[in-house]
Structures are given as structure tokens and as C-alpha cells.
Amino acid sequence: MLTTVYLIAITAEAMSGALAAGKRQMDMFGVVLIAFITALGGGTVRDMLLGNFPVNWTQHPSYIYLTITAGLMTMVVARFMHRLQQLFLILDAMGLVAFTIIGCNVALALNYDLPVVIMSGVITGIFGGILRDILCNQTPQVLQKELYASVSLLVAGLYLTLHDAGFDHDLTLLASFSCGLALRLIAIRWQLSLPVFSYSPERWQD
Amino acid sequence: MLTTVYLIAITAEAMSGALAAGKRQMDMFGVVLIAFITALGGGTVRDMLLGNFPVNWTQHPSYIYLTITAGLMTMVVARFMHRLQQLFLILDAMGLVAFTIIGCNVALALNYDLPVVIMSGVITGIFGGILRDILCNQTPQVLQKELYASVSLLVAGLYLTLHDAGFDHDLTLLASFSCGLALRLIAIRWQLSLPVFSYSPERWQD
Amino acid sequence: MLTTVYLIAITAEAMSGALAAGKRQMDMFGVVLIAFITALGGGTVRDMLLGNFPVNWTQHPSYIYLTITAGLMTMVVARFMHRLQQLFLILDAMGLVAFTIIGCNVALALNYDLPVVIMSGVITGIFGGILRDILCNQTPQVLQKELYASVSLLVAGLYLTLHDAGFDHDLTLLASFSCGLALRLIAIRWQLSLPVFSYSPERWQD
């Protein structure tokens, strides 16, 4: 199941990357590259950080083709995207949660300590979007908008708690996935967000 | 031959990095650092991604000295750069093509699959310029302007096609190099570019 | 002694990251992430670059907790930060120097060549701040303001010169640390900076 969700997630992330590239008037190559990096960048950073070579996607050419196709398709269907916005947000939320769980599993298999496992999950979940925003020269939105990175953190925490408590693997997976997805969709619906830290040096110096 | 072209290419890339740093009023150290990263960053990202340690330039201190020197020299000759613009564009084009072929060779030697070999070539070719633009806080120009990244992609494809078809190594090298260089210069001359994807969410929501 | 200074340094760097995130109105999670990356990003880039796995902080969960705590604390004490500005600049300077020396030691232990050892020191010293600025969408300040990166370079050079000359380890450490700290504080006090390279293509083309 996780593999199916992962493929859907890659596609959704690639499309979000392509749209961001389009907002910067990139050429077709730029669109495809940003799509690729948004979809597979989180896992790439994780693997490079954990010394987990070869990096995952280098062993799965099909992931490369899938993200390229998704990027190109987005250029064609962009004008209909606003009608699909609801669907798109759901796919993106599924991606966030699936990426996080996969990231935890990779670090678990490498026997890293618990806090590193959690960070591995979160990095896999959110770094594709962060790289997308860096390449498109904007402040990372996942660190500013409604609950997003924190959903990833919560999913990682829940997954590892259930995992350590010895629950059935499928149950653990299903519970973490559902809770994460629900929280993310609730956050979008009611615009829930973490407290924002707004600091302007001048304000305090008067 | 490839080594000679490589040294010229490093120098040209370092100079382009130094000029970009100058546009941001960086200090002498910043100029040298951006020069270094522009020249050697593509290969560094490639080696880190492919798990190819030690990273190439760490075994060749002369590359470090060369890029530092090129960065410092650029500060001196900057006022004459506009007269050398034609030459500079040719050197930069040679760099793009040489970097791409070298990147393909590295991944081939590590037995990666074909799509990864192509990406290795393209990453080596264009990521120095992308890192330069990220550090100078601008949207990567290689993803927006005339054919650039796509020249890298075409060179990688041609090189690997001829390579797999069993052509003589020198001939393969020469053909890929010439075609890539010619295409890049033609693209500059006639401002050829890929279709641009321009997406503004508001436009479709009216 | 270096360990104590290192922990102080991590804390100071994390706080500088949190403040930068606050200037971009990031949420609580963004603040903590930027704090973490500012504090530990330099060492992470160094380890990934040198192939030094596992990356240092993955073996020291306490570093993770420390930077998270420092990030959260900063949100609380931000309104008093301007009164602590002097103290803060001193802690930051200690961090710069300590990070540099630690970075040199890591590359020395891996038997890299001298220029790579120096770069390892400088990267450890300044890349946390560079990543902070990239994530906060601004041109890296450490490459523009008063002597900062150059202090790191000088410390690395002095440390390795004394080290190679066979001086006592503690003496070498103390001398490099003091000189670096003094130079940085002098640079702040009298706004010393390297020559700035200001390049605007238009100016020369008239």
C-alpha cells in the first residue's frame, strides 16, 4: 500500500514543483528539473545525510520517468488546476504523510537513534518543498503556512511510538497515515497554524 | 584534451561566479567563495549524490588554487569584461559541454543506470551555475534563459548513444563536444529557447 | 575546553537562526528548524563533503535537543535581545572560531591535504550562517559584512601553521582561538571589512 501511495505522492509533489516553476517563467527544462527535485529531493537529502548510498531514486529509473512525465503533464493541464485544487491538496497531504513514514523506516533500518529517525522522517517529508522554494527564490512556505511540517513531526512521533509499543505493522501504518492525513486536511480547512514568531529588531530598539 | 578544456572551463565558471558576487557587492572572500562554488559545485553535488568519495577536487589542490586565482583576477579585469563578452560566452559554453561529458564518465565508471548517467552529466554541467544563483539570491538563470540546460541534456544523450554504439572514444568525444558547443553558440546567437511555462494562479481563477 | 565552547557556540548560532526566522514570520516549527540548521549545518555540510559518515550530530542527540531548546527560548527572550546584543556578538564570534578549529581537526583526522583541511575549517565555521540566509531568502551576510569568513580563514591558517610547527596542542589551540576572537571583535568594533567588489555590467557598457 505504501508503495502505491508513494507513487501518487511523487506525482503530486512533482506537479506542485512544476507549478512553482511556472510562476517563475522557467523553460520546459526548468519545469521538469524543479518537478524532479520537489518530488525526490527530500529522500535525496535524507540519503546523503544518513550516508545511505546508493541514493534511492538512482536505483529506480521509473521514479525519474514518472516525475518528468508529471512535470510535462502539468504544463498541459495547468489551466484546469484551479478546479482540481481540492484533489491536489489531498494528494499533497498523502505525499507528506507517506514520505514521512518512509523516511522513518529508512533511518530505522540503518539503526540510527530515535531523534535522528524522527528527523529523517521530517526531512523526507518536507525537504522537497523546501528545495523547490529555494530554487524558486522564495522563503520556504512549509515553514510559514498552516500546519505542514508539524504534521510530518506528529506522524513520525506517532508511527515510532506505535512501532516501539509493538503494535502490528499494518495497524501502525494505517493509524499514523490516517491521523496525519486527517490533521493536515483539518489544518487546511480551518487554517490552523502554529504560533508565528515575528521579530523585527527595530521594534524593540525604540 | 578533455583535461585542458576542463581547466579552461573551471576558470571561465569561476569568473562567472565572481561577476555574480560582484553584482551583490560581496567582499573579496565572498567573491572567491562564489567563484569556487560556481566552478566546482556541479562536480561536488554529483560526487556527493553518487556516493563518490573522496569528492574530486579534494584530491586536486591545484583546482582550488586555480579557481581562487580566477576569482581574484576577475576583480581586477572586471572593467574590461564587456569587451571580452564574446570570448567569455564561448569559454562558458565549452565548460558546459566538458562538465557534462565528465559527469557522464564518472557515473559510467560507477556502473549507474543510463538515466542516472545522463542526470550525472547534466548535474555536473549546470549545478555550479544553480548554486551560484542560489547564493546570490536570484532565480537560477540556467532554467530561464536560452538553451543551456537542454544543451547539457543533448550532449549527455549524444555522448552515451555514440558510446553504447561502440564508436571510437576520441570520435565520440569530439562529436559530442562539437555538437554541444555549436548548439549552445547557435542558441545564443539566435536567442533560441525552450517553450516557457508561465503560470499565474490568479489568471485562471477569474 | 573546546567542547564547552562548542556547546556555547551551537547555542549562540541556534539563537541567531531563530532570530532570522522570526524576521521572516516563520512558525514555531520553522524557527526550530532554522535554529537547528544554523547551528549544525556547517558541520553537516563538512561531513557530507568529506564522506565522514555518520554525520556528527546524528551520534549526539543532545546537540539536537540543545538547538531546539535554544530556538524555542529565543522566541521567549527575543524582546530582550537588543540589550544582550554585545554578549550575543561575542558568543557568535566564539562559535565562529571554535567551529573553524573543529572543522580543521576533522579533516586532519581523515588525512586530507592542507588546502582541503583549511576549507573544511572555513566551511564548518561559516556554512551554518550561509544556509540560514539561503533559507531566509537573503544574500549571505557573512560574505558581505565586516570580517567574518576571513577570520575563519585566518584562524584555520594560524592553527595549522602552529600545528605543523610542532607546538604544544593546548598552546596552539589557545593562540588560534584568542587571535581569531580578538580579530573578530576588533572588526566589529571598528567595522573593518575586506575590499568589496561591486560590479554592475551597465556601468562599463556606456
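Numbering starts at 1 and runs along the chain as it is shown here.
From the backbone N, Cα and C atoms, a Cβ is placed for every residue, glycine too.
Features as listed in TrEMBL:
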- C:5-78: domain 'Glycine transporter' (DOMAIN)
- C:6-22: transmembrane segment (TRANSMEM)
- C:29-50: transmembrane segment (TRANSMEM)
- C:62-80: transmembrane segment (TRANSMEM)
- C:87-110: transmembrane segment (TRANSMEM)
- C:90-163: domain 'Glycine transporter' (DOMAIN)
- C:116-135: transmembrane segment (TRANSMEM)
- C:147-165: transmembrane segment (TRANSMEM)
In the same chain, who gets a Cβ under 8 Å from the transmembrane segment (C:29-50) while lying at least 6 residues past its ends?
10-11, 13-18, 20-22, 56-57, 63-64, 67-68, 70-72, 74-75, 99, 102-103, 106-107, 110, 112, 116, 120, 123-129, 131-132, 135-136
What same-chain residues lie close to the transmembrane segment (C:6-22): Cβ under 8 Å, and 6 or more beyond its ends?
30-40, 63, 66-67, 70-71, 73-75, 78, 81, 88, 91-92, 94-96, 98-99, 102, 128-129, 132-133, 136
Give me the DSSP three-state residue breakdown of the domain 'Glycine transporter' (C:5-78), ordered helix, strand, coil.
64 helix, 1 strand, 9 coil
Can you tell me how the residues of the domain 'Glycine transporter' (C:90-163) break down into helix, strand and coil by DSSP?
60 helix, 0 strand, 14 coil
